[in-house]
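Asks: My questions will all concern the structure given below.
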Amino acid sequence: GALLVNERIDREELCGALSPCSLSFEIVVENPLELYSGTVEIQDINDNDPVFPSSQARLEISESVAAGARFPLESAQDPDVGINSLQTYQLSANPNFALDVQTRVDGSKYAELVLEKELDREEQRELNLVLTALDGGSPPRSAHVQIHIDVVDANDNAPVFNQSTYKASVRENTPSGTLVARISAYDLDDGPNGDIVYSFSSHTPAKVRELFALDSATGELRVKGQLDYEETKLYEIYLQAKDKGAVPGVAHCKVLVEVVDVNDNAPEVTVTSVYSPVPEDAAPGTVVALLSVTDLDSHDNGQVNLKHILVQVSDVNDNAPKSSQDSYDVYVLENNTPGIPILNVSATDPDLGRNAHLSYTLLQGDPTLGHLFSINRENGTLYLLTSLDHEDQVEFSMMVQVQDGGFPPLATNVSVSVFVTDLNDNAPTVLYPHPNTTSTSTDVVAPGTPAGHMVTKVVAVDADAGYNAWISYTLLQATDPSLFSVGLHNGEIFTARQLREDDAPEHTLVILLKDHGEPVLSTSATVSISVAEIVKEVLTDLTDVAPANDPRRHVTFYLILAVILVSAAFFITMLSVGIFKCYKWRQSKELYNSSRSTTYRTPGPFHHIDAVRGGFTPPNFYHQVYLTTDSRQSDLLCKKPFTSSPLGSRQGTIRNGEPGLYHQIVGTASRLTTPAE
């Protein structure tokens with residue numbers, strides 16, 4: 001902790017005339033971190049001699065000058081300060097002059113010759129004096145100048161200033177050429193003896209002559225150099241007025257110029273220590289910076305408000321990735337092209353750098369998903385690697401993990417559901433009559449059968465879903481087109497008119513089956529009908545052709561069983577609804593009776609049926625139901641609930657607006673004549 005002198009110290013070079021001379025420093029102590037300020041005062045030694053501007057001075061003094069006249073002498077300069085600076089002057093012994101030592105405002109000394117005895121040019125034309133300047137050192141240092149005085153003839157009127165002291169103030173940033181003061185003197189003499197010339201007094205310091213300029217004719221004192229309040233606050237300028245007589249008369253005055261401070265020095269901020277960047281999880285009270293501020297200006301201009309310090313905050317991995325939505329529903333048409341992108345999983349992380357670098361991984365709970373789907377690790381694009389079949393599987397569920405690159409890493413899981421929507425890629429399949437049997441199935445109708453009698457029915461299915469599975473039946477070809485008709489939506493074959501005896505005994509009908517897909521797919525079924533008086537004979541003939549095990553018997557059995565089950569389910573459903581409605585009516589009546597005096601009532605159990613009727617169904621849950629008219633079968637199409645997805649989740653859908661996941665229920669029931677049909 002010792003403070004050492006690093007090189008030779010020259011007080012005059014460091015501080016000039018400023019006293020005391022001090023150097024400031026700051027010491028930083030660590031553990032704990034503390035700051036100490038110190039000041040070293042440089043003490044002066046008497047190592048400089050006083051110096052006069054010149055080794056000889058010449059004065060011209062008229063013999064008419066009265067005793068008591070004063071003549072300023074050139075001042076000596078001593079860069080030392082205090083007691084070591086210039087302290088006094090001494091004049092060699094002579095009968096006419098005495099020496100008067102004066103002190104300026106700043107404490108410096110200057111000497112004036114005082115005429116004690118009037119001069120007589122006829123007695124002595126010139127005088128040679130020696131002026132000695134002494135400092136206060138021990139031993140004192142000195143300097144000498146020769147003063148040569150010429151005694152000239154009388155110019156009995158000297159110039160006179162209208163005031164002995166002038167005062168002015170000027171701002172330190174005043175530009176060169178600005179008027180500071182105007183001095184004025186007069187001389188009662190005529191001619192050259194009355195013409196006045198203004199000039200600086202001989203003991204005016206050179207620094208003043210560099211900063212100010214004096215017009216010799218007008219007496220205007222103007223700024224010449226750059227003033228600095230921080231260097232000198234007050235200038236004491238000595239001026240003289242001299243006439244142009246043979247022996248010029250001289251008058252002296254003093255101008256006090258006060259320098260006004262302006263805010264021309266910016267505060268200096270010394271930052272000793274800065275802890276940057278600061279982790280965002282730094283504890284309160286952590287030292288960020290150690291600094292000091294100084295301003296060379298004075299008063300209000302020297303009052304300093306801290307300026308800002310830029311402290312960078314380093315990131316900590318404290319934020320997990322966040323997806324724009326928790327789940328995605330993607331709809332893809334079957335028979336898609338392999339390798340297409342179907343979804344872009346979007347996620348953000350407010351951290352920076354590696355902490356915000358996201359990677360996407362497909363969590364494979366089902367091993368088969370890895371063969372069907374793939375995700376881009378960098379941008380989260382989900383690709384479909386193979387062609388999907390709606391009839392094979394209609395829904396795939398998977399989990400995508402979004403993980404950042406921090407340490408330790410943070411992750412978020414996003415669920416993705418892929419629904420395979422149906423295309424019309426399956427033509428209707430005829431179940432009855434069976435198209436692949438070698439023998440022909442023949443249906444029998446008795447002669448005279450009235451119109452509207454159902455003879456048989458074409459049964460078919462379509463592996464597709466929704467509209468693509470709706471089948472329409474039309475009579476494409478018939479032995480007698482006027483005899484039979486086919487139901488458009490149910491495939492039932494009826495007699496169009498009453499059978500006559502002259503009608504052909506054998507009829508072959510070709511039924512065209514078409515679905516409602518785009519494009520339309522179709523197939524045909526051939527139905528044989530015999531007209532016979534005795535059914536047994538026809539059946540006997542048919543037994544020769546029909547196989548022993550006729551599959552129609554099983555089909556008919558299943559159809560009858562389906563009709564019975566559907567009818568029973570319908571009856572049970574209607575009975576349950578009636579009981580439930582009665583129960584609800586009684587419950588609401590009891591609640592009403594028990595809460596007549598109550599302002600608010602407590603709602604009962606929330607049922608989905610009431611929610612649908614009351615409009616309380618959540619907006620993201622609905623079903624689409626498609627029913628046909630004039631049909632004995634209905635297709636119930638239910639779309640799965642799904643949440644509204646942003647644009648990003650729907651970009652992967654092959655065709656927007658396609659129905660979602662459909663379940664088809666195809667059954668045969670007895671015809672119900674209701675308004676709903």
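Positions of Cβ are set from backbone N, Cα and C atoms, glycine also.
All annotation found in TrEMBL is predicted automatically rather than curated by experts.
Pulled these from TrEMBL:
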DOMAIN    1-52  domain 'Cadherin'
DOMAIN    53-161  domain 'Cadherin'
DOMAIN    162-269  domain 'Cadherin'
DOMAIN    324-430  domain 'Cadherin'
DOMAIN    437-549  domain 'Cadherin'
TRANSMEM  557-580  transmembrane segment
Asks: As a quick check of your reading of DSSP, tell me how many residues in the domain 'Cadherin' (53-161) are helical, how many are strand and how many are coil.
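Replies: With helix first, then strand, then coil, the domain 'Cadherin' (53-161) has 3 helix, 54 strand, 52 coil.
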Asks: Tally the residues of the domain 'Cadherin' (437-549) by DSSP class, grouping H, G and I as helix, E and B as strand, and everything else as coil.
Replies: 15 helix, 46 strand, 52 coil
Asks: Could you tell me the mean pLDDT over the domain 'Cadherin' (53-161), as a whole number?
Replies: 88
